[in-house]
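Chemist: First, the structure itself, so that you have it in front of you.
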Amino acid sequence: GTMSWGTELWDQFDNLEKHTQWGIEFAEKYTKFVKERSEIEVNYAKQIRNLSKKYQPKKNSREEEESKYTFCRAFLVTLNELNDYAGQHEVIAENLTSQIITELTRYLQELKTERKSHFHDGRKAQQQIESSWKQLESCKRRFERDCKEADRAQQYFEKMDADINVTKADVEKRSSHKARQQAQMRHQMASDSKSDYSAYLQKFNQEQNEHYYTVIPNIFQKLQDMEEKRIERLGVCMKTFADVDRQVLPIVGKCLDGMTKAAESIEPKTDSNQVVESYKSGFEAPGDVEFEDYGQAMKRTVSETSLSNSREGKDKSTSKSKGKLWPFIKNKNKLMSLLTSPHQPPPAPPASSPPSPSAVPNDPQSPKQHKEPLSHRLNDFMTSKPKMLRTLRRGLSLKLGSGPEDFSHLPPEQRRKKLQGKIDELNKDIQKEMDQRDALTKMKDVYIKNPQMGDPTSVDPRLTEIGQTIEKLQSEVQKFEGWLAEVEERMPSKSDTHRRSGLYETQNNTAVSNNCAQNRESPDGSYTEEQTSETQVKATINPPTTTPDIDDEFDDEETLPTIGTCKALYPFEGHNEGTIAVAEGELLFVIEEDKGDGWTRVRRSEDDEGYVPTSYIEVILETNAKGAMTYI
């Protein structure tokens, strides 16, 4: 059984005082420990939250692209779960504070007060017994003194008495009588103080008995109870300390499950398909490189040769990128007439034909073949006229923003996705407006039936406005659908299957085409979406060597000799001045080969001639015509 402090430690007042004080200090130390643990949780949570925030994708164009990949999405889920995970550590901190720190602090205040009152009572009891003891001592001393006095008086009387017997004098008889009285009185006093002492002793013993067997044990029992309660309380806190942590485990587990699930949702195949979605140009690979018969070159005059070769061979492959970058500048623009034959670059081929090469059959965009001369050419150009062009282009690209509205700066496949995305977006907007119109119409009906609720005509201006907005949006949709139809018509039929699969995946609409068509555009891959001044300069490494007034070319009255035939690979509308419309599969005569600007001059009949984009036709040249031509 339990030992009682009251009986076992009746004489250990001071040690108990020290021990209970230490117990309270220990509880205070424990409270401080929990406080520090709670701070660690708060800081940990803060660090984890900051970490999660730091790695969140930045809001920019990259982010949209990244979100298409399963591994990027999985990482984002991990970050968000981590944030919730941090929240659980904040919960730990909150619960430690409310369930332990606050509770213990309040309890310790009560404990200190209680302990103080017990020791106050103990001290009072002790003082009481001490003063009783002092009283007992003084009684005892008085008794002792009175006995001694009585003794002395007795001896004095006896001595006197003996003397009388010797002298028998009257005087001495009187003195002896006095001494006897004195002795008797002293004796009486001693006897009184003896009974006083005896009575007080009895009272003291009773009191002392009560002090050591009742008063002190009661006080010490209360102290013992208080101490045991404090210890029990600490035990509860230590258990809570673990429980608080355990309570968040299910949710922490859910966060971790979320991370695991995200990791398991990663699909390498899907991601590698996404790369195709993002970068596929829709162009076909170049055909075989044909044999170039330089033997024929001898038949040609020097000037012809130098002009043809330096321009054709080296520039052809680059000319297309110019077409790509500038298809949206109409011939109104004086600037463009400086740079190309029919006032503007040719449109991109619809996508089945291999890039410029197939159109210029002997130059199937063979970067290797033209690398050397091209870089020379580029250097010449950069040293001669870069400043004018750079400024000019920078100005234009600023005005144009990220590219033309019809996305004609993108390769067909990516263009189709962008257009489809734009159409979906517009249709969503139309739906929103229609919903709003329905709501307003209903409101108007209510007003008509209950005029006290509102004026029906007040809704009209807004309805009119919505009607106009819907019309505007619908005409936008038609415009984009027109462009989409155009692109899809030209897409090679063999990629029909891919096209269908991609059509409804609108989340993949936005695509980035970095060097998706580098071979096609120019050997150095200057075909990019962002039109920085530099890439734009690269894109047109061939400013025309003709006079700025290119219209002269059209006023040429003399009939040019035929140098070969060609077959139209795609229909071309030929709206621009100087161009000619052709139907798909039509055969025409070639009268002037591509001078490096992406256009070939063809003739249908005596008076029907003009330019068509080189990439839209397949040329078959007569070997005897212009010898050194790099054609079949």
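We count from 1, first residue shown onward.
Using the three backbone atoms N, Cα and C, a Cβ is placed for every residue, glycine included.
Annotation comment: TrEMBL describes 416-443 as coiled coil. Residues or ranges marked as compositional bias 'Low complexity' in TrEMBL: 181-190. Residues or ranges marked as compositional bias 'Pro residues' by TrEMBL: 343-358. Per TrEMBL, the feature compositional bias 'Basic and acidic residues' maps to 369-379, 490-499. Sequence annotations record features per position, and here TrEMBL assigns compositional bias 'Polar residues' to 504-520, 528-539. Residues or ranges marked as domain 'F-BAR' by TrEMBL: 3-271. Residues annotated as domain 'REM-1' in TrEMBL: 409-486. The feature domain 'SH3' is assigned by TrEMBL to 561-622. The region 'Disordered' annotation in TrEMBL covers 171-191, 302-326, 338-386, 490-556.
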Chemist: Mind checking which residues reach the compositional bias 'Low complexity' (181-190)? Cβ under 8 Å, same chain, six or more beyond either end.
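Modeler: Here the qualifying positions are 143, 146-147, 149-150, 152-154, 156-157.
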Chemist: For the compositional bias 'Low complexity' (181-190), what does DSSP give as the number of helix, strand and coil residues?
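Modeler: The counts are 10 helix, 0 strand, 0 coil.
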Chemist: Limited to the domain 'REM-1' (409-486), I'd like the whole-number average of pLDDT.
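Modeler: Average per-residue pLDDT within the domain 'REM-1' (409-486): 88.
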